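Accompanying notes for the structure given below.
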Amino acid sequence: MDTFQLIILLLDATLRTSTPLILAALAGMFSERSGTINLALEGMMLGGAFSAAAVAFYVGSPWVGLLAAIATTIALSLLHGFACITHKGNQVVSGMAINILMSGLTALVGIALFAQGGKTPALDKGSRFQPITFPGADAVQDVPVLGLIYSELLSGHNILVYVAFLAVPAAWWVMYRTRFGLRLRAVGENPGAVDTAGIGVVAMRYRAVICSGVLVGMSGAYLSTAQGASFLQDMTAGKGYIALAAMVFGKWRPFPALAACLLFGFLDAAATRLQGVVLPGIGEVPVQLVQALPYILTVILLAGFIGRAIPPKALGRPYVKER
Amino acid sequence: MSKTVELPRWIDVGALPLLNLLLALVVSGLVVLAIGENPVQVVEILLYGAFGYEEAWGYTLYYTTNFIFTGLAFAVAFHCGLFNIGAEGQAYIGGLGVTLAALYLDFLPFPIMLVVAMLAAMIFGAAWAYIPAYLQARRGSHVVITTIMFNFIASSLMVYLLVNVLRPEGSMTPESEQIAEHLRLPFIHDIAGALGIEMASSPLNLSFVYAIVISVMVWLFIWHTRWGYAIRTVGANAVAATYAGLEPGRFIIIAMMISGALSSFVALNEVMGVQHRLLIDFTAGYGFVGIAVALMGRNHPFGIFLAALLFGMLYQGGAELSFEIPTISNDMVVVIQGLVILFTGAMEHMFRPRVTKIYTSWRLRQDAGEAA
């Protein structure tokens, strides 16, 4: 296999591994831009993945599974909102609680429903999202360079991959070009001013966490019905936190967050390929180091060594209306 | 606004948390119902599994020990206004300290070794907490995110070390060598046996006693020392603390390092007390349970002890439960844990307005009665 083909395959894998991160990072962005910390991404993703796989198994359609995942994550978002926005509870604690709760609940319900040790039964072809082959992909396969890029890299992914990449410009447009986006950003920066302008802070924040729920639901469904073919216990394995890290890395903005997700996805894809490979001059790179790189990079970024990441001003502060 | 009366302390620190806890348990009961089991039977098995026989007690208190350490760790940081989500990683790295000390200094006699191992655990745990603390204090990066990241980094680091460095030659399992026999913490049943008291064997060891000593020390530290006062001041209002001549950054670092050191004592219980070697993921989520324990215990060592006991009971009873009812796995405990954190931590204010209203109207009526 020549180097070019290797690179294409690596990038191809990158697109697949970064898809759930992109959706979840955008989800985190909507919530956090409105001032609500969303540490619950991990747990919501898990809940979404479970609902998608379970419902897709019963109904036999990945689309219904996707809807179930979104319904689940919206419900969890509302729970998070109820604790953080309505009851002004601690947002970090609520997020952690949802993560722990979903880690247990998905396994428990999984065992109760399917008795397979927390797994859901394997989904058949019709209940999963299938790869979409672009027109003429096979025909151009042998064209040098472009053929491979078109047929391998761009074609042959499932719908959710394309949705994730389209969601980035869409999120940007909503965030920066609509009235809703303007208000959403404003409640995260200065809720008092928004309130003075006669816009309900609580309602805005609820809308933001619902947007967050829709996106993270797709991310969960992707894991269990597109990338995989069933739900496995704790299958998110920290992806929610990685997405959060990517969002911070992208400074709470859609396109930089996409770049961070691609970087983290690339590291993930590379880690699998680097196993046991000896690099010239460096020696064997420990896989664990590559796996830890997203976290290390995020810490370095947060410390301000790669530019400053300034969170929304009102992030983490419940809004108390003055009387 | 209508007139309200301040809630008395017993409602604030006693009744309200209990009400929230009750709600968490009721919802847990509903979950049990939803998966088609009988909640009453579940509670019976849980209680029997946790306290029904001597060995069960030992296991319950052994889990309690870990939760006391991580609960105290979270509480000390919390008093300084910090969320230390990193107890898991700090305990893990603390385990590395204990193991290295025990493996490389195995010629030391037990009493000296005990001190050395404790110091090693504390230094490793505190050092792991120092980096996020430093970054928060001096560079403004949020400790919640950095400690989460540090949990993952610790996990990767330990997998690397256990697979490539600490694994004895010829062994396939990624775990360290056993520590020497004379360096292990005595089990409580052995101590009791030496004193002539017959006791069922369990993993409960000397570190339980140590956990209680540490609880008292943390109580003294937080409420009866200068540093403790400074930490609480910074936690209450960092700006005011600055005007009072305190440097918040300094106390953020101190509180986090103490927190890391406290987390690391989990390793004392696990590595020196029970497993006698360093295992992959020996922290098993104890760091996260610590958050629930501290929140439930209102960050007071006595409350933390009670909450740790509750979770020790849930862990041990839950193990019995998964044995007795196959459809209920250990995950039930995780669910309860999540609900407890949700209701006692995130939604702690949910009942307050209502309770305040009821209490106020009751007081006003009483006052009116007295006046008449």
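In case you wondered, yes, glycine gets a Cβ from its N, Cα and C as well.
Those TrEMBL annotations? Automatic predictions, nothing curated.
Copied over from TrEMBL:
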type	residues	note
TRANSMEM	B:12-36	transmembrane segment
TRANSMEM	B:56-78	transmembrane segment
TRANSMEM	B:85-104	transmembrane segment
TRANSMEM	B:110-131	transmembrane segment
TRANSMEM	B:143-163	transmembrane segment
TRANSMEM	B:204-222	transmembrane segment
TRANSMEM	B:252-271	transmembrane segment
TRANSMEM	B:278-296	transmembrane segment
TRANSMEM	B:302-321	transmembrane segment
TRANSMEM	B:333-351	transmembrane segment
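Using a cut-off of 8 Å between Cβ atoms, the transmembrane segment (B:85-104) and the transmembrane segment (B:278-296) share at least three residue pairs, counting only pairs 6 or more apart in sequence.
Highest Cβ contact count with the transmembrane segment (B:12-36) among the listed stretches B:56-78, B:110-131, B:143-163, B:302-321, B:333-351 falls to B:333-351 (criterion: pairs under 8 Å).
For the transmembrane segment (B:302-321), same-chain residues at least 6 beyond its ends with a Cβ under 8 Å from one of its own Cβ atoms are 13, 17, 42, 45-51, 56, 59-65, 67-68, 71-72, 75, 212, 215, 219, 289, 292-294, 296, 328, 330, 332-333, 336-337. Under the criterion of 3 or more C-beta pairs below 8 Å, with sequence separation of 6 or more, the transmembrane segment (B:56-78) and the transmembrane segment (B:143-163) do not qualify as touching, having fewer than 3 such pairs. Note on the transmembrane segment (B:252-271): residues 62, 65-66, 69-70, 72-74, 76-77, 79-80, 82, 84, 86-88, 90-95, 97-99, 102, 117-118, 121-130, 132-134, 136-137, 143, 179, 185, 205, 207-208, 210-211, 214, 218, 221, 227, 231, 234-235, 277-279, 282-283, 286-287, 290 of its chain, located 6 or more positions outside it, place their CB under 8 angstroms from a CB of the stretch. Cβ atoms under 8 Å from those of the transmembrane segment (B:333-351) belong to residues 16-17, 19-21, 23-25, 27-28, 31, 285, 288-289, 291-292, 295-296, 311, 314-315, 318 of the same chain, restricted to positions at least 6 beyond its ends.
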